[in-house]
Amino acid sequence: MTDPAPATADGLTHFDTAGNAVMVDVSAKDETERVAVAGGCVEMAPATLRAIIERGLKKGDVLSVAQLAGIMGAKRTPDLIPLCHPLALTKVAVELTPDPDHDRVVITATCALRGRTGVEMEALTAVAVAGLTVYDMCKAVDKGMRLTDIRLLSKTGGKSGTWTAS
């Protein structure tokens, strides 16, 4: 077994001492329960949000399709983000909630597993892919939509323990 690559002087773990990109060796880490929650929004025109809520768009049920896309995105994260480990996810939940007071859809994704590395990237990817799917399905009526505030909300497990966004 090789030793995990040490972090660089500035704490980055995906580079070796020569500055080359590496996938971190997690073989020596303990398996723990790990959960990550990420969130984000798709801001849009009021008429676009109304069409989503009323299922009035030609491409179909935007929220259901985006929910499935987010789940698929979490599962495909290591295919999209080069240094992510392939993980045996035990849970992926994606929620899309219309927010008419702010003309947006709020997206939340929760990913979980028992393993040696966290699921933050999977949760973030789920939110991003769900948001991109909302955009794709609505772009014919609103090209000015914006994906905003994609961020990690919380994570538990692993050596660093629990973290919650302030």
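Residue numbers in this text run from 1 along the chain shown.
Backbone N, Cα and C atoms are what each Cβ position is placed from, and that goes for glycine too.
Summarising the annotation, Swiss-Prot assigns substrate binding site to L83, C84, H85, M121, E122 and lists sequence analysis as the type of evidence. Residues annotated as active site in Swiss-Prot, with sequence analysis given as evidence: D136.
Here the features listed in Swiss-Prot are painted onto the structure.
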| residue | record | Cβ contacts under 8 Å, 6 or more apart |
| --- | --- | --- |
| L83 | substrate binding site | H14, A21, V22, M23, V24 |
| C84 | substrate binding site | M23, T77, P78, M121, E122 |
| H85 | substrate binding site | M23, V24, V26, P78, T117 |
| D136 | active site | none |
Largest tally of Cβ atoms lying within 10 Å of a Cβ, found at which of the binding-site residues M121, E122: E122
Additional residues around substrate, ordered along the sequence, whose Cβ is within 8 Å of the centroid of L83, C84, H85, M121, E122: T77, P78, I81, L87, T117
DSSP three-state assignment for the residue listed as 'active site': helix
DSSP-derived class (H/G/I helix, E/B strand, else coil) of L83 (substrate binding site): coil
Secondary structure at E122 (substrate binding site), reduced by DSSP to three states: helix
